[in-house]
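Here is the structure we will look at, set down as structure tokens.
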Amino acid sequence: MCGSKTQARAGKQRPSTKTERIEAAPKPQSVTTVIPQSVTTVIPALPEEAEFDLKTHDDDASRDHNERLTPLAVIKYTLSLALLLFSVVVTVYLIFKKGTKLSSDASPWLAICILFLAIIWLGMMEGQQSSLVGLTGVVDHLVYRDTHPIAYKNITLAYRGNNLDRYVNGRQFMVVICVFVINLCGAPLPGVGIFGLPDAVEEIFLSSGLAMILMTAMISQLPPQVNASHCMIDFINNYLALFTLYAALVIEFLGFCHACYLVQNLISLASGKPVKTNEEPRTWPQSIFFWLRVLMSLLILGSSFAVTIVALFQGKTTMWEGTPDVVSLILFFVLLAIVGMLEAMQIAFLATSKMRKEHRGTSFFGKKTVEVISARNGQNLPAFMIGRQLMVVSLFFILARVTTIDVTVGEGENIFGVSDGVQQFLNTGLHAALLMTILGSSSWKLAASAFPVAFVNIPFTYILLYMGLFLDWIGICSGAWILAKIEKRMMNLQFDETYVGTPENPVLSKDALDAMSRDVFDEGIIKSRDDLDGPTQYNLGGPTRSCDALDDVEVSFDLEKGTSSINISSGNGSEKEQ
């Protein structure tokens, strides 16, 4: 490990150590940096010029994430695409027959255009969330600043202060509104029949909403999630993604869902772990404005919750007939918790996707979860996203049946005796949508964003992971894989490893390498280059240490803040220096 000298940058001689090879970025820097092996456990050293490999990660990444095409997979793809095609034909036929709300009130062509735009925008929301959350790992964003300028703008804005949490909060409300618009355009009106199909088929595909679920999930939600699981940088390198980010931040600013932050702080208080923040403490005016929006959100949430509970107890919801009111109430809370866990798992898995495996799961179930999600050359992550999305859509459909109010206006049975106009608004279900957004989605996502590893370590996460993988294996939404491949080719998406490497072997920009070299050799981590010439000893910020002791040295760099820390452990304990 210790010993000979090798050529270094700027013509200076530095001692040679055992180096690890990393592959180059698309525009490799002609830089040679040699660092002790203990340091390369965190940030690997560049190889010597003679060993520099100009090959990119593209070929390896493509092989890593491809799945074998088996006869069973072909059957599942075919049946799934057939169901999707039938659902699309049914929906389009209903629209032109004026069998949906918007097409009957306005125009079929207007309904088709709005449906098309809503599907595209919803797909961008789904993929962008995966990208922005996933890239929070150990990634040097300067590597792709020149090749992906719009993606870099997205990242710069999203990672400024606590904007990522704000985006997650605002985006979820946008998703609910977008899904509401899609249903307004394509959901069938009562009593509308098509093609003379049997009543059972119409009940399954129309009354139950299965056609809309399959069309929305397989076209708009799943392909972007599958692609953005591994092609995060390319996916957000467009102006629609940048516009979506700004829109989510504006909607969050309005404060309708600010009650989520109160839930996040309560979880932090209960766990004893402070919520991570990248901003300075709020000033008095900022605090007043923030808590006023929290109060407004709580009032809206409380009103929606009270209306829902009263409607459940009085049997005034669209829940299936014969279901006891108490069962409906219990089902509401249970399903809300399951949906929340599924939403949190998505954030937790993406937020830890760029971490080393040993850092992603620290408990018994956490390690098992990481093993499963990393299996099949990384294919289990997008596979879970497909199964998870099917579970979420189905559970939200059941929750909609549980919470949507069914009161005939004008008969004096209005909830809390409100006016007919207010009752008509409550019958739309928007209050329930806001309720499910805050309690069933945004609050859990913000908690998972603050404590991603903690959610990975929960035993229930392991169970839900297998449930999601099982639903993907069944194949009802397997056609999303084919649509994801088509989308990937149309958008020319490349795997992230092509640009930033892997967590174990990252690609670093020239600025990062300069900062790393300066921190290691000039700021006290290694005091003297002459000391490194000795075959048996190093000098790390204090007394000289043996080569064996260097194996217990861990150096980490924060590339955004420009800071470094060193952790030295030994048989007598450990010490940390920054």
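Quick reminder: no glycine exception, Cβ is built from N, Cα and C everywhere.
Since the structure is predicted, the reported quantities are computational estimates derived from the model, not experimental observations.
According to TrEMBL, the region 'Disordered' annotation covers 1-30. Residues or ranges marked as transmembrane segment in TrEMBL: 74-96, 108-125, 173-197, 204-223, 243-267, 288-314, 326-351, 433-456, 462-484.
Tertiary neighbourhood of the transmembrane segment (204-223): same-chain residues 80, 83-84, 86-88, 90-91, 118-120, 122-123, 126, 179, 182-183, 186-188, 192, 194, 385-386, 389-390, 393-394, 397, 476-477, 479-480, 483-484, 486-487, selected by CB-CB distance under 8 Å and a gap of 6+ residues from either end. At the 8 Å Cβ cutoff, the transmembrane segment (462-484) and the transmembrane segment (326-351) share at least 3 close pairs (sequence separation 6 or more) and count as touching.
Sequence-distant residue pairs (6 or more apart) of the transmembrane segment (173-197) and the transmembrane segment (326-351) include fewer than 3 whose Cβ atoms are under 8 Å, leaving the two stretches without contact. Counted as Cβ pairs under 8 Å, contacts with the transmembrane segment (288-314) are highest for 433-456 among 74-96, 326-351, 433-456.
Within the same chain, residues 129-130, 133-134, 136-137, 168, 229, 308-309, 312-313, 317, 319, 373, 381, 384-385, 388, 391-392, 395-396, 398-399, 402-403, 436, 439-441, 443-445, 447-449, 452-453, 455-456, 458, 460-461, 464-465, 468 sit at least 6 positions outside the transmembrane segment (326-351) and bring their C-beta atoms closer than 8 Å to a C-beta of that stretch.
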